[in-house]
Amino acid sequence: MGVTVQDICFAFLQNYYERMRTDPSKLAYFYASTAELTHTNYQSKSTNEKDDVLPTVKVTGRENINKFFSRNDAKVRSLKLKLDTIDFQYTGHLHKSILIMATGEMFWTGTPVYKFCQTFILLPSSNGSTFDITNDIIRFISNSFKPYVLTDASLSQSNEENSVSAVEEDKIRHESGVEKEKEKEKSPEISKPKAKKETVKDTTAPTESSTQEKPIVDHSQPRAIPVTKESKIHTETVPSSTKGNHKQDEVSTEELGNVTKLNEKSHKAEKKAAPIKTKEGSVEAINAVNNSSLPNGKEVSDEKPVPGGVKEAETEIKPIEPQVSDAKESGNNASTPSSSPEPVANPPKMTWASKLMNENSDRISKNNTTVEYIRPETLPKKPTERKFEMGNRRDNASANSKNKKKPVFSTVNKDGFYPIYIRGTNGLREEKLRSALEKEFGKVMRITAADNFAVVDFETQKSQIDALEKKKKSIDGIEVCLERKTVKKPTSNNPPGIFTNGTRSHRKQPLKRKD
């Protein structure tokens, strides 16, 4: 079985704290060259010994970390600690790095015990068998949890707030009582609705007399139809006046409730009585016109013009059996002769829109047919048509430029080696570059150097991959970039008139007339 993450973390923490206690000057070898450290600031002296948190300082780089631990060697050696918890996770690129968080207690000679939390990030080295510290942060945890106790000042403030709130509530109640009294004083007087009632009764009196008077029709004269218009006018005035009476009754006060109810009942009875009488009068007039005859002995037909809008009413009337009680029929017989026809209800009037819909109903139902369009099948193109669809020089040139923009990387060259591209080698000797690369990555077969870059061929692919993952390396104080090598762009030796894709340019030639 291989080594687990738990084994790596426990072994690292044991060696780290053991090296801190035995030889702090060699503790910097655990860190990477660009590591960052946040540790206890041993140089600052706290004024209060009862403080449970110590100041910290940040150090960057392996050399500065080595100087920090060497300067405070005696203080670091006296460290004693106890670990309570250890947590760890994979992190970083491809989850190869390890994140460790340890909590516990530590102290030095002559100091109290401090609670701390220390976090590490371990990065695997190039060979993969060792790890380097890239980040190290320590944080001291405060232990000052003070209980909350009520003092005299806080109690006095709470009492003052309660007294202020009680005074404000009293003011609000007093203001609301004054507003209610003002509203009662501004309430409407009772005498005003009485005057309105009298006017209502006066207005309804003429309408009742007008509706009760029946039109007198002479059967010998065919021009008795305008009487129906007047009766219709009377019937229309009654509902309008009664609507106004209902609105005025709603304004009345509660004290006159009983009086208004009686008036409403009387108005409703008048409403029901008035339309029935006017309808009977209008029907009698219409029937009289239909039964009358002209002086020359010809009967009046529906096709002949009639004054006013009466023709529409005559054409629309259909006989309907009246649903009237026996008491009403007896009353009507007493006032009218026994030969009077039975009343017929007026059908609803036809509007221009309803007539238009009835006329066009047949047309609309017939024209609801749907038309389906079938797309013709695509025919294969002839070879002559394909020639004209070929791109011109600009299209081919743009296509070639797009293909050239995509870089092609070389993993293995023709000699079987694995090349990489190194940028920023200005002022760096070839021998030092070779020795540094072979020491960290593996055997170098060939180096092709220029002014500010170099191409290095490794023997194995593993060395190439490790170098590319490193990305940057510092050699003799010069930082170089390790990148992938691209393939050389092919030179075009095609003759003029032929493109890189092998197609020829098509020139238009003048058409020759056939004799």
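Quick reminder: no glycine exception, Cβ is built from N, Cα and C everywhere.
Copied from Swiss-Prot, the annotated features are:
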DOMAIN    8-140  domain 'NTF2'
COMPBIAS  157-166  compositional bias 'Low complexity'
REGION    157-410  region 'Disordered'
COMPBIAS  168-201  compositional bias 'Basic and acidic residues'
MOD_RES   SER187  phosphoserine
COMPBIAS  202-213  compositional bias 'Polar residues'
COMPBIAS  262-282  compositional bias 'Basic and acidic residues'
MOD_RES   SER282  phosphoserine
COMPBIAS  299-319  compositional bias 'Basic and acidic residues'
COMPBIAS  330-341  compositional bias 'Polar residues'
MOD_RES   THR336  phosphothreonine
MOD_RES   SER340  phosphoserine
COMPBIAS  374-396  compositional bias 'Basic and acidic residues'
MOD_RES   SER398  phosphoserine
DOMAIN    418-494  domain 'RRM'
REGION    485-515  region 'Disordered'
COMPBIAS  489-503  compositional bias 'Polar residues'
COMPBIAS  504-515  compositional bias 'Basic residues'
Can you give the mean pLDDT for the domain 'NTF2' (8-140), rounded to a whole number?
92
Is it possible to list how many residues within the domain 'RRM' (418-494) are helical, extended or coil according to DSSP?
21 helix, 29 strand, 27 coil
Counts by DSSP class (helix H/G/I, strand E/B, coil) across the domain 'NTF2' (8-140):
40 helix, 59 strand, 34 coil
